[in-house]
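Student: First the structure, then my questions, so here it is.
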Amino acid sequence: MSNNIRLLVGLANPGAEYAKTRHNAGAWVVQELARVHNVSLREESKYFGVTGRITTNGQDLRLLIPTTYMNLSGKSVAALANFFQIKPEEILIAHDELDLPPGVAKFKKGGGHGGHNGLRDTISKMGNNKEFYRLRVGIGHPGDKNKVANFVLGKAPVKEQECIDAAVDEAVRCMDILLKDGLNKAQNRLHSFKAE
């Protein structure tokens, strides 16, 4: 059972100062998928982001990295989804995940925002529909909820970054499985992966 995913979104903050911060892990997925498919992402002001398009397994997949700030991501997602008549359940959103360690990434369908401002705004702008797919890229947790804001806007130490990068690479490899064979097979493969 394949999934008709038509849009992959990588949540991020715009600008060079945020490019390597943990909160931008979702964007790294989109950038890596574009690189693997030799596609350039270009600025599209009407979608408030950078976009591209790839074809994989005979399916067109639009790529989007919002260039709004994280807490306004939904404006970008909704603009592109509405223009191309893409339903929430045809969207996969890649985002950083505090509740998973670096080196781990997991696919999920539906659910709440878990305190993630990018997901919160996207759910709100999609009419409170939470049925989109998610790719949760583990970044770890600082251990104290009061330190989360600085943690996500900070850069990971080299070893942690290598683990995050390895999980992003594996997630990109699993995208083909997700699109061709469905969520369960993609989860089975990705969820058994852990970079050390």
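Cβ coordinates are placed from backbone N, Cα and C, and glycine is handled just like the others.
Note that the coordinates shown come from a computational prediction; the quantities given were computed from them, not determined experimentally.
Here Swiss-Prot flags N13 as site 'Discriminates between blocked and unblocked aminoacyl-tRNA'. The tRNA binding site annotation in Swiss-Prot covers Y18, Y69, N71, N117. The active site, proton acceptor annotation in Swiss-Prot covers H23 and is backed by sequence analysis. Here Swiss-Prot flags D96 as site 'Stabilizes the basic form of H active site to accept a proton'.
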Student: Spatial neighbours of Y69 (tRNA binding site) among the recorded positions N13, H23, D96, defined as Cα within 10 A: which are they?
Tutor: N13
Student: Which are the residues of the chain, Y18, Y69, N71, N117 excluded, whose CB is within 8 A of where the CB atoms of the tRNA site average out, their centroid?
Tutor: N13, H23, T68, M70, L72, S73, G118
Student: In Å, rounded, how far does the Cα of H23 (active site, proton acceptor) sit from the Cα of D96 (site 'Stabilizes the basic form of H active site to accept a proton')?
Tutor: 6
Student: So if I measure Cβ to Cβ from Y18 (tRNA binding site) and keep only same-chain residues at least 6 apart in sequence, which ones fall under 8 Å?
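Tutor: Set apart from Y18 (tRNA binding site) by at least 6 residues yet with Cβ under 8 Å, we have A12, N24, L153.
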Student: Hey, how far is N71 (tRNA binding site) from D96 (site 'Stabilizes the basic form of H active site to accept a proton'), Cα to Cα, in Å?
Tutor: 14
Student: Using a 10 Å cut-off on CB atoms, tell me which of the recorded positions N13, N71, N117 is the least crowded.
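Tutor: It is N71 that, of the recorded positions N13, N71, N117, has the fewest other Cβ atoms within 10 Å.
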Student: Measuring Cα to Cα, how far is N117 (tRNA binding site) from N13 (site 'Discriminates between blocked and unblocked aminoacyl-tRNA') in Å?
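Tutor: For N117 (tRNA binding site) versus N13 (site 'Discriminates between blocked and unblocked aminoacyl-tRNA'), the Cα atoms are 11 Å apart.
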Student: Which chain-mates of D96 (site 'Stabilizes the basic form of H active site to accept a proton') that are at least 6 residues away have a CB under 8 A from its CB, listed by sequence?
Tutor: L11, R22, H23, N24, A25, G26, H116, V137, I139, V152
Student: What three-state secondary structure does DSSP assign to N13 (site 'Discriminates between blocked and unblocked aminoacyl-tRNA')?
Tutor: coil
Student: Let me spell it out: for each of the recorded positions (H23, Y69), count the other Cβ atoms within 10 Å of that residue's Cβ, using every protein chain shown. Which one has the most?
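Tutor: Answer by Cβ density within 10 Å: H23.
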Student: Under a three-state reduction of DSSP output, how is N117 (tRNA binding site) classified: helix, strand, or coil?
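Tutor: DSSP call for N117 (tRNA binding site): helix.
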Student: Give the helix, strand or coil assignment DSSP yields for Y18 (tRNA binding site).
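Tutor: Assignment for Y18 (tRNA binding site) reads coil.
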Student: What three-state secondary structure does DSSP assign to Y69 (tRNA binding site)?
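Tutor: Its secondary structure by DSSP: coil.
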